[in-house]
Amino acid sequence: MFRTLTINLNKCRHFNNADSFISKYNRSLSGIAPPQSKAIQPVLVNAMEDKANFLLPNNQRFVELDSSQAFNNLTNKEKLYAHYLSKAAWNGGLIVLLQTSPESPKIFSLLHRIFLGEPLDKLKESALKAGVSEDDFKAFLVYSGGLFANSGNYKGFGDTKFIPNLSKEAFELIVKSSKAYDDDNTHMTKLWQKVQNAIYSLAPRLTSLGLANKGVTTYFSCNCTEEDSNLVNDWMKTKRIEAYICRTFKTTADDGLPLYTIHLASVESSPKPPLTMEKEKYKNAYFQVTRGDYAALLKLANENLAKAMEYAANDNERNMLKHYINSFKEGDLNEHKEGSRFWIKDKGPIIETYQGFIETYRDPSGQRGEFEGFVAMVNKEMSKKFGTLVDGAERFIKLLPWGQDLEKDTFLRPDFTSLDVLTFSGSGIPAGINIPNYDEIRQNEGFKNVSLGNVIPAAYKESVIPFLSEEDKKLLEKYRVASFEVQVGLHELLGHGSGKLLRQNADGTFNFDKEKVKNPLTGKQIESWYTEGETYDSKFTTLGSAFEECRAEAVGLYLSLEPEILKIFGYEGQEAQDVTYVNWLSLMWNGAAKATEMYQPSTKTWLQAHARARFVLMRLLELEGDGLLVVSEPHPAHDLLLTLDRHRLATDGKRIIGEFLVKLQTLKATGDSSAAEQLFDRYSRLDEPWSRWRDIVMLHKQPRNIFVQPNTSLKGEEVELKRYPASAEGMVASWVERFPSSTIDDVLEQLADTDSKYFAELESLAAA
């Protein structure tokens with residue numbers, strides 16, 4: 001999936017004296033000394049990782065995701081279909097709160113109950129009377145909007161924690177001045193006491209998502225290490241279980257050995273072999289498979305999917321939804337795969353949707369899917385351009401540099417449409433999608449490409465562009481949307497949609513000529529491949545997403561040099577050359593100016609797959625281009641300047657990217673994850689001067705736009721679309737009206753309480 005929503009907006013402040021500031025900040029949180037703990041030693045965040053980098057500033061920009069024109073063109077039956085699909089997506093999307101952090105569901109409940117209890121102006125009036133400042137109340141709304149938008153208190157893009165831009169005392173005053181607190185101060189006090197430390201703590205492990213001491217994850221219990229993850233992965237391979245819909249919790253069996261429970265997402269919780277499995281021993285540990293994770297939320301999603309079926313346009317849509325419902329009910333991934341097959345067959349629908357546990361970016365082992373649901377309407381004008389791109393896809397794929405032996409035997413013509421998003425639940429909204437992610441379907445049956453057309457221009461509103469010359473800034477401002485539409489098309493269709501996985505079948509045969517096919521990197525016969533039960537995700541694990549996004553991005557760069565492709569999008573002559581240049585410039589700029597925000601120096605890890613992918617491509621051109629790309633430091637410690645030689649893109653640029661693409665595709669095709677790790681490590685290490693230049697990037701860091709989405713509602717037999725102001729207030733109002741009852745808060749709290757025993761160590765760390 002193409003999650004490039006370039007960071008926009010006004011600069012946020014940067015504090016220079018971080019050490020003293022953080023110590024004062026910690027003292028301000030409580031009037032008493034923190035409890036002593038021998039097991040957990042809190043450490044201040046790094047000086048360059050000061051509080052400012054974890055705040056959403058009060059000038060945070062909210063933008064409306066407008067789909068009104070496309071929605072108003074629907075028939076009432078289509079509107080009803082979209083309405084119930086949206087309700088299903090929003091209910092399922094609440095699962096992401098539980099997938100993000102242990103505290104996220106209860107923070108959501110606290111905020112939602114407060115906003116549900118009274119109009120915002122009344123809440124503000126009470127808060128100001130209690131001594132809260134205007135700025136603090138604004139910060140409270142911005143934090144709330146950020147939590148709703150990211151489905152938790154960690155950023156959907158970058159996986160770093162964000163905290164409120166007001167003191168804990170001011171936050172508490174707002175809680176206690178609310179009508180919700182007056183109505184049930186016992187419960188609200190309990191909620192606040194439960195989450196207040198987790199909301200504000202900047203203990204190093206809590207500042208980002210990750211496994212064990214590298215961060216926070218709820219895909220594994222907090223006592224799991226990388227060794228545990230690898231062992232679980234090995235056992236699941238022996239059982240041919242894919243991890244998309246599960247989480248793993250580690251406890252201790254009666255005999256003292258580890259017991260790993262693989263818990264499947266489903267409405268039903270009773271044992272049902274072979275989906276569930278009794279405890280068995282493997283490599284001096286026990287494993288079992290249970291089901292019933294997120295049951296209450298999946299039940300709500302299914303109720304609305306069932307209602308949507310009544311308004312489906314054809315049998316493909318009805319069958320798709322039937323299998324999704326079965327998958328969510330039973331915890332059967334194969335049912336979701338069947339639904340995906342019908343989704344592929346549903347060509348060019350007016351209403352497009354895909355829902356389930358889809359993208360694996362945030363699982364530390366790169367295999368478990370975050371819940372995602374989108375509902376969108378077709379944009380006919382842009383879809384026509386993408387259709388023309390599909391028409392030429394077989395011809396364009398032959399231009400890719402790795403040769404026919406590493407390409408699919410038959411091009412599976414996909415559906416490629418541009419859509420205006422009505423609803424997108426999850427931790428963030430991408431600009432393009434290439435799904436399903438299931439290997440056997442993508443390789444042998446097909447896939448769909450989707451460009452989310454109304455996301456792209458909204459993402460680029462009023463952005464600040466550092467580190468470029470004035471001439472390049474003007475070009476980027478003029479053509480960035482145009483070039484991005486081209487890159488999305490190439491990235492999704494010809495990037496993710498290309499390339500073969502070399503595989504040995506269950507009967508011992510191969511899907512390639514083992515005697516004739518040569519490895520392009522060695523000139524020798526192929527020596528490694530995928531065996532039965534192995535997938536790209538299971539082979540490449542933590543590297544997989546970044547490696548594949550890099551391959552797709554490189555395909556976009558490589559093919560954007562083709563005049564015929566630019567002509568499809570309406571650009572010829574000098575304008576086409578400018579669009580191509582801006583496409584390369586934009587990606588290199590993202591790699592230099594934005595990507596390192598997503599790098600964590602303390603653990604030397606990348607927190608976001610796309611960021612690492614773009615940094616790799618930027619460093620590739622910088623290191624191998626002999627002046628093709630130059631990054632300099634015109635104002636030491638304050639500014640950078642990126643210069644790209646546009647006259648060498650079609651020659652040296654194409655050669656360098658082409659050679660790199662051959663390496664990427666060969667390693668992916670042969671499943672050589674070890675060599676892939678070595679290749680990526682070379683270009684994604686933050687050696688000097690980049691380790692120092694990251695500090696400069698952080699000085700210019702800007703918050704990402706937050707999208708305010710509309711709601712649909714039933715008025716008699718008619719469906720109405722309600723839009724909201726592009727503001728923190730509008731964001732809050734949209735979520736209150738999306739979930740107009742506190743019943744959903746009860747559900748979330750109950751689910752969080754059930755999980756809490758697996759994350760007690762994190763709670764202790766936050767309180768330290």
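Note: Cβ is positioned from N, Cα and C throughout, glycine not excepted.
Quick caveat, the model's predicted, so the values are computed rather than measured.
Per TrEMBL, Zn(2+) binding site is recorded for His491, His496, Glu549.
For Glu492, the entry in TrEMBL reads active site.
Annotated pair Glu492 (active site) and Glu549 (Zn(2+) binding site), C-alpha to C-alpha distance, rounded: 10 Å.
Its Cβ taken as reference, Glu492 (active site) is surrounded by 30 other Cβ atoms within 10 Å in the chains shown. Working note on the binding-site residues His491, His496: by count of other C-beta atoms within 10 Å of each C-beta, His491 ranks first.
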